[in-house]
């Protein structure tokens, strides 16, 4: 056993010794994608990107990275739901290819954490907290622990591209457009089935499989994952109804709606969308 393996084993993340290079590679890739966005966004969106403030340009680039990450992990995690090794042992099972997906996700969350710390004045401490929590939840999968369900909850990211598309449309002057309405309907549909219907069912399935072997699970992991699951499911319900409320307000016809009224509605919806958007990375 080499030194790094011994340290990771002592930390309770023995399997990470096979995946730490992928994790760090993912972090570097996120940085590279953000730099690509800074180069190509002004060329592809010359009427929008150059006019954004410095902070909004950073936010735009962050959304680009988020979109690429969400699409990638969904495509990688979906096949793992039928992995025979993990299906046989949903709690302690380990599969190299599936753990690679978690390494990619952890690399993104690590990048997200460092970026949020560097720009805490612009984005606030909440983004730092989000990055740390997301990283913590997935890094313990390398014990190994709950690798099957880790793939399950990465399916939450199915809604992220539509959340991000909504944000991009606002910045491109497409607020209230037919395309944004269609995207909003798709967003609500995907959010409902991926996060609430599928998510709640799989949360129940998680407890059914963990409780019989709970004596083999360290107490701190039981607490971390139980609290995270309850909080996230509660937030998903809250975000879902807030998005419905905001979407209805934005597109319903109203008499004498002035520019200030439109701004208030837009601000309310953007707040709900922004919260759900950031929260979607915690799955």
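Even glycines carry a Cβ here, placed using N, Cα and C.
Across the residues of the domain 'TLC' (55-252), the predicted structure has a mean pLDDT of 93. What TrEMBL records for 55-252 is domain 'TLC'.
Residues or ranges marked as region 'Disordered' by TrEMBL: 253-283.
Beyond the ends of the transmembrane segment (20-41), by six or more residues, the same chain brings 4, 8, 49, 57, 60-62, 64-65, 68-69, 100, 103-108, 110-112, 114 to within a C-beta distance below 8 angstroms of the stretch. Summarising the annotation, TrEMBL assigns transmembrane segment to 20-41 (among others).
What TrEMBL lists as transmembrane segment is 62-81 (among others).
The feature transmembrane segment is assigned by TrEMBL to 93-111 (among others). Outside the transmembrane segment (93-111) by six or more residues, the chain places 15-16, 18-20, 22-31, 65, 69, 72-73, 76-77, 80, 83, 85-87, 131, 134-135, 138-139, 141-142, 144, 147-148, 150-151, 154, 281 with a CB less than 8 A from a CB of the stretch.
Residues or ranges marked as transmembrane segment in TrEMBL: 123-142 (among others). Remote same-chain partners of the transmembrane segment (123-142), defined as residues 6 or more beyond its termini with a Cβ less than 8 Å from a stretch Cβ, comprise 8, 12-16, 19, 59, 99, 102, 105-106, 109-110, 112-117, 150, 221, 224-225, 228, 278-279, 281-283.
Look at TrEMBL and you will find 148-169 (among others) tagged as transmembrane segment. Beyond the transmembrane segment (148-169), the same-chain residues lying 6 or more positions past its ends with a Cβ under 8 Å from any Cβ of the stretch are 60, 63, 66-67, 69-71, 73-74, 77-78, 80-81, 83, 86-87, 89-91, 93, 98, 101-102, 105, 138, 141, 175, 177, 179-180, 183-184, 186-187, 190-191, 194-195, 198-199, 202, 205-206, 270, 273-274, 276-277, 280-281, 283.
Through the fold, the transmembrane segment (181-202) approaches residues 149, 152-153, 155-156, 158-159, 162-163, 165-166, 169, 233, 236-237, 239-240, 243-244, 247, 250-251, 276, 283 of its own chain, all at least 6 residues removed from its boundaries and within a Cβ separation under 8 Å. TrEMBL lists 181-202 (among others) with the feature transmembrane segment.
The transmembrane segment annotation in TrEMBL covers 222-241 (among others).
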